[in-house]
Amino acid sequence: MSNHLLTLAIVLVLAATGGAHSEQQHQHDTPISRFQNYLRINTAHPNPNYTAPVSFLTAIAQTLNLQIQTLHFTPSKSKPLLLLTWPGSHPSLPSLLLNSHLDSVPAESHKWAHPPFSAHRTADGRIFARGAQDDKCIAIQYLEAIRTLKAADFAPIRPVHLSFVPDEEIGGLDGVAKFAASEEFRDLNVGFMLDEGQANPGDEFRVFYADRTPWNLIVKAKGAPGHGSRLYDNGAMENLMKSVEVMTRFRAAQFDVVKAGKAALSEVISVNPVYLKSGIASGDGFAMNVQPSEAEAGFDIRIPPTVDPELVRKRIAEEWAPEARNLTYQLIEKGPTRDFRGRPLATPTDDSNPWWSVFKQAIASAGGKLAKPEILASTTDARFMRQQGIPTLGFSPMTNTPILLHDHNEFLKDTVFLKGIKVYESVISALSSFVEISE
Ligand SMILES: *[C@@H]1O[C@H](CO)[C@@H](O)[C@H](O)[C@H]1NC(C)=O
Ligand SMILES: *[C@@H]1O[C@H](CO)[C@@H](O)[C@H](O)[C@H]1NC(C)=O
Ligand SMILES: [Zn+2]
């Protein structure tokens, strides 16, 4: 055997024993292995299996002696919502609700370094899986924090509820939207909720006090058809393109505010064209000598809570799709823009909100630093809770972690995951045991 081959043989032996060792670790029941096993359940759209994660989490809840309910808000009962409760010594106090969603977005397996439902853990501790950051981490971290607190004989004063909800990634209409409007939810008497947040490549924890509201706008134009060679006014394409120009200028003005450093991306209105549809189909393409009589464009619009939605509706009707230019439009408002009292959907992050002060203190006690509270550029289930007037913060304890939600190769490092459990131990114990003076 040459030296070369000998070295190779040793490497192979080491690799084989290393593999066996990590296999054994998989067998152990640890917070990490429970996280990996949860990640291995494929709950990606378009066909998430909701039975499997609900059974998995129910089994964990049984070991923790939590109260377990499975709620259904669809007639087919194909979209279960798992609700767990750790009762408090003062059941009449407003409760704490910890929310996470069961589903995830799809993954293009062939573009991943490790299969997206393998939860492969690399030698440096990165756990690769769809859902590792969004948001299966917090589901297991909540439960592991409760496990530790229970082992230390901590008993909450307020009830602590955990909800594991379906369909967040497709708008939550059969999930949190129905849950938040239900009698079961009212009975929980929720005082404060934590929902998912986002990772931070830096070393501060990000926290979100509002989401932007998504609107879909479809603008349709009609006009006289004509030969491609003719110059005439008010064709469908011309009228639609005038709208696109006006909206493009508005978009640029909003973006300029961000570029000038005067606002974050999530603090302005975004208007992005997402499709254009027109032309007379012919063969593999379009008739090039016909000016079409119809044209259509779609826009993704996001409205921060600081903006009066009525002003945007007015702008759409008067400037972006005016009847005078023979335009019609369809506006699909995907979720509320105001709470049930007509107030902006934003949770106060100052001393006027006692839950905020306790939360902030609990992060500091866990040795963490909070970043300046942010508006989330996209949306989460939190907006449906804020609509009910419930203060809600978006928070996923991931520092020094690249933002990979919905991306290829989504991962979370084991050390970051474990640190997150410690953070929730501090946060859950503090929030569940504080009592307001007025109560
Ligand atoms: C969902 O997962 C469960 C448990 O793993 C399995 O028994 C069931 O067949 C799955 N359902 C579907 C529709 O794939
Ligand atoms: C709108 O349509 C009407 C009826 O076809 C037409 O007379 C008018 O010129 C059009 N106006 C514009 C601005 O397209
Ligand atoms: Zn999410």
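Residue numbering: from 1, along the chain as shown.
For all residues, glycine too, the Cβ spot is worked out from N, Cα and C.
Among the features that TrEMBL reports, signal peptide is placed at 1-22.
Annotated Zn(2+) 1 binding site per TrEMBL: His101, Asp134, Glu196, in sequence order. Contacts of Asp134 (Zn(2+) 1 binding site) defined by a Cβ separation under 8 A and a same-chain sequence distance of 6+ are given as Ser104, Val105, Glu196, Leu405, His406, Glu410, in order along the sequence.
In the three-state DSSP scheme, Asp103 (active site) falls into the coil class. Asp103 (active site) is surrounded by 24 other CB atoms, counting those within 10 A of its CB over all protein chains shown. Residues annotated as active site in TrEMBL: Asp103.
The Cβ of Glu168 (active site, proton acceptor) lies under 8 Å from the Cβ of His101, Asp103, Gly175, Val176, Thr380, Asp381, each of these being in the same chain and 6 or more residues away along the sequence. The active site, proton acceptor annotation in TrEMBL covers Glu168.
What TrEMBL lists as domain 'Peptidase M20 dimerisation' is 217-324. For the domain 'Peptidase M20 dimerisation' (217-324), the DSSP-based tally of helix, strand and coil residues reads 41 helix, 33 strand, 34 coil.
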